[in-house]
Amino acid sequence: MPKNLLIVESPAKARTIGKYLGPDFIVKASVGHIVDLPPSELGVDLENGFQPHYRVIKGKDKVIKELRAAAAKAGEIFLAPDPDREGEAIAMHIAQQLGRPLESYHRVLFHELTKSAIAKAVAAPAKIDVDRYNSQQARRVLDRLVGYQISPLLWDKVKRGLSAGRVQSVSLRLVVERERAIQAFEPQEYWTVTAMLQGQQPPPFAARLARLAGKKFDPKNEKEAMAGVTAIQGQRFVVEKLTKRQRKQQPAPPFITSTLQQEAYRKLGFAPKYTMGLAQALYEGKQTSEGQMGLITYMRTDSTRLAAEAVATVRALIAARYGQEYLPAKPNAYKSKANAQEAHEAIRPTNAALTPELLEAYLSRDELRLYQLIWNRFVACQMAPAVYDQTQAEIVAGQGLLRASGQVLRFRGFTAVYVEDRDEHGGDEARASAEAKDHDQALPPLPPLDEGQELALQGVEPKQHFTQPPPRFTEASLVRELEEQGIGRPSTYAAILSTIQEKDYVSKDQKRRLIPTELGYLVNDLLVECFPQIMEVGFTAQLEGLLDQVEEGRQDWRGLLADFYGPFQQALGAAKTHMRQIKGKGVETDVKCPLCGKPMAIRLGRNGEFLACSGYPECKSTSDFSRDEKGAIVLQEAAPDPGVACDKCGAAMVVKKGRFGPFLACSAYPQCKNIMALGADGKPVAKPQPEATGEKCPKCGGELVIKPTRSGGRFISCANYPKCNYSKGLSTGVKCPKCGGELVEKRSRRGKPFYGCDNFPTCDYASWDRPIDEPCPQCGHPFLVEKVGKKETVVRCPQPDCNFKK
């Protein structure tokens with residue numbers, strides 16, 4: 001009897017599932033998508049209903065051949081990629097490549113990878129969801145239409161290498177508009193008057209003047225504040241009214257994708273992309289004392305629903321571990337947002353009995369920290385509320401009424417396990433937050449007080465305050481904003497944040513808050529001018545809603561694309577004519593050239609932005625610049641003459657500032673584009689000589705040599721450059737585990753080394769860890785990696801379920 005074939009997208013997932021299905025199944029992995037739109041062309045037939053032209057991804061022919069061979073011998077075929085739109089697309093494309101009738105395939109949805117969950121899912125399969133697939137297909141085509149037609153426009157008008165995206169560009173707009181709101185903010189002065197009072201028993205406590213002569217006391221300046229001080233100083237302070245109440249604080253819901261990313265950033269300092277990588281590994285399976293198993297449920301979800309069995313397990317754990325008083329009478333239920341995928345669950349441990357302490361020996365430090373966060377949040381969400389005794393005192397002093405509040409924690413409830421962090425506030429929200437400390441759980445207690453009791457005055461303090469601007473976005477608060485505005489979906493948040501930073505549209509300040517770069521401002525402004533509808537937050541959210549309707553079978557996917565493309569095509573045609581030409585001209589400013597008086601323009605150079613005279617080539621004045629807190633341009637003082645001559649043309653070298661710090665550039669630029677690196681001592685660093693490889697150039701037959709990159713890396717280039725421009729990455733000697741290509745050394749935009757497949761962009765495999773051509777002695781994986789940490793460097797196996805290291 002032939003065995004059944006089950007196909008997933010991840011090798012790690014395949015290993016976990018394979019250990020539970022037994023001898024009747026063969027488990028194979030597609031290693032992600034097997035087909036996609038072509039990287040070098042639009043790949044969408046605009047004249048034939050927006051039909052996408054999918055191509056087999058480079059390097060995936062071998063995978064497809066293996067899957068076809070396995071399918072030819074198999075009985076039933078079960079397709080089990082991730083339970084979301086991308087997973088549905090992978091399942092459909094696999095089905096199309098294997099060639100059996102579509103209705104013959106079984107679609108299996110694994111929301112968690114445990115023995116019982118796998119058995120249940122395989123026992124009750126569904127069919128491929130064509131509506132869900134069409135929703136993914138519509139999103140993919142939408143993104144291709146926008147990205148592949150606006151990006152070349154930016155290359156032509158601004159510079160090569162730029163990109164625009166339906167969601168990424170709107171996210172950039174949020175960051176730009178927040179920064180401009182901060183720059184435009186005018187602080188408003190306000191004052192408070194606080195009396196320090198002493199009752200019959202300690203401690204002393206603060207009471208704020210709230211009303212004066214029957215009116216709300218809200219002083220705007222020192223004079224008004226001092227009038228309040230004068231009115232109450234020297235008066236008798238008597239407790240007029242005491243109000244006591246009990247306040248219950250409910251636990252936060254279990255994690256969904258967005259809240260996990262936010263809280264991991266706040267509590268652990270993890271970027272969303274890093275969080276999702278760790279969560280993927282925990283979901284796909286780790287070795288434990290109970291064998292290989294998935295430790296958390298599927299991590300791309302917007303549902304707060306919890307399975308009844310999971311709730312029963314955690315309630316038993318709460319009663320046993322914390323006591324019956326910590327268990328509410330009935331399970332806590334949480335309402336998901338309107339368009340949530342209720343077939344999914346919230347992110348939770350697959351088995352709450354697997355406490356973080358039991359997994360210390362099996363998880364990396366950061367995997368364990370993230371698991372601890374998920375475990376704590378899940379346990380807390382099913383615990384009793386925290387209970388506070390709150391007291392508010394109204395105190396009369398002459399014509400003044402003062403208020404003081406305090407609270408005492410009466411019962412810890414869920415706070416024994418977990419307390420949610422918060423983002424910073426600004427503007428009116430910040431003042432409201434500061435003035436609402438009565439409701440903060442850290443509010444100190446008041447001493448015992450009685451109505452009619454006279455209090456001793458220790459002092460009165462008038463204090464000046466200023467309203468604060470809205471805060472810059474952090475990665476966590478931007479994810480929250482995207483979710484609240486309905487932009488993107490759980491699977492896209494991390495990618496959006498990575499893209500706008502990798503494209504140098506956004507950078508981070510010293511507090512890791514997001515700031516638009518000059519390039520980010522420029523690209524945003526051009527897109528808002530020429531594509532106002534696409535850049536509109538509400539329109540982007542509306543499209544997300546329509547994609548949801550496609551998945552629900554209430555909207556035709558081709559009709560959605562037709563409705564979008566008509567207006568977009570008109571805007572695209574107008575933009576080709578009317579978009580401002582930045583390349584070669586720059587953006588004129590109101591700063592005057594110090595040499596000729598003409599306006600200076602912001603130019604985009606190879607090493608960053610700079611100011612250049614708009615009268616070029618007659619005037620060649622240039623200057624580095626920065627911006628003050630209001631966004632105004634500030635010229636930077638000229639760096640001292642380094643006294644170094646250009647080794648190519650003999651002109652003087654000048655100090656410039658680029659993305660990787662200061663460097664020397666020839667003053668004869670653009671006629672001479674020579675640059676030199678500067679050492680830590682401020683002196684020029686001698687250029688390393690090319691290193692021979694002994695290989696011949698496949699293009700011209702010249703010698704191949706190893707040369708340094710501007711960012712500190714190395715690459716292989718033809719010695720006959722610039723006559724021959726052949727180059728390739730420096731090989732590590734290790735084969736790509738995804739497609740069989742070569743892993744080569746590369747550098748990120750910020751100069752950090754990483755290792756990627758030489759078949760990029762067809763294959764997107766990449767790792768920060770240096771591969772070593774040495775098989776793992778424990779599991780046989782074909783190579784090891786060198787992991788550089790803050791405290792130590794270790795060589796380990798890259799397989800998530802293998803713990804070998806040395």
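A Cβ is built for glycine as well, from the same backbone N, Cα and C atoms used for every other residue.
No curator has checked TrEMBL annotations; they are predicted automatically.
According to TrEMBL, the features are:
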DOMAIN    3-113  domain 'Toprim'
SITE      His33  site 'Interaction with DNA'
DOMAIN    129-572  domain 'Topo IA-type catalytic'
SITE      Arg139  site 'Interaction with DNA'
SITE      Arg140  site 'Interaction with DNA'
SITE      Asp143  site 'Interaction with DNA'
SITE      Tyr148  site 'Interaction with DNA'
SITE      Trp155  site 'Interaction with DNA'
REGION    163-168  region 'Interaction with DNA'
ACT_SITE  Tyr298  active site, O-(5'-phospho-DNA)-tyrosine intermediate
SITE      Arg300  site 'Interaction with DNA'
REGION    422-448  region 'Disordered'
COMPBIAS  422-441  compositional bias 'Basic and acidic residues'
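This view paints the features noted in TrEMBL onto the structure.
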| residue | record | Cβ contacts under 8 Å, 6 or more apart |
| --- | --- | --- |
| His33 | site 'Interaction with DNA' | Glu9, Ile57, Glu86, Ala89, Ile90, His93 |
| Arg139 | site 'Interaction with DNA' | Arg85, Leu547 |
| Arg140 | site 'Interaction with DNA' | Leu37, Pro52, Ala89 |
| Asp143 | site 'Interaction with DNA' | Gly165, Arg166, Val167 |
| Tyr148 | site 'Interaction with DNA' | Leu42 |
| Trp155 | site 'Interaction with DNA' | Gly161, Leu162 |
| Tyr298 | active site, O-(5'-phospho-DNA)-tyrosine intermediate | Asp82, Pro83, Asp84, Phe110, His111, Glu112, Tyr283, His344, Glu345, Ile347 |
| Arg300 | site 'Interaction with DNA' | Asp82, Asp84, Thr257, Pro490, Ser491 |
* To do: Indicate whether Arg300 (site 'Interaction with DNA') is helix, strand or coil by DSSP.
  => coil
* May I have the DSSP-based helix, strand and coil counts for the residues of the region 'Interaction with DNA' (163-168)? => 1 helix, 0 strand, 5 coil
* Asked: What kind of secondary structure is His33 (site 'Interaction with DNA') part of, going by DSSP in three states?
  -> coil
* Secondary structure of Trp155 (site 'Interaction with DNA') (DSSP, helix/strand/coil) -> helix
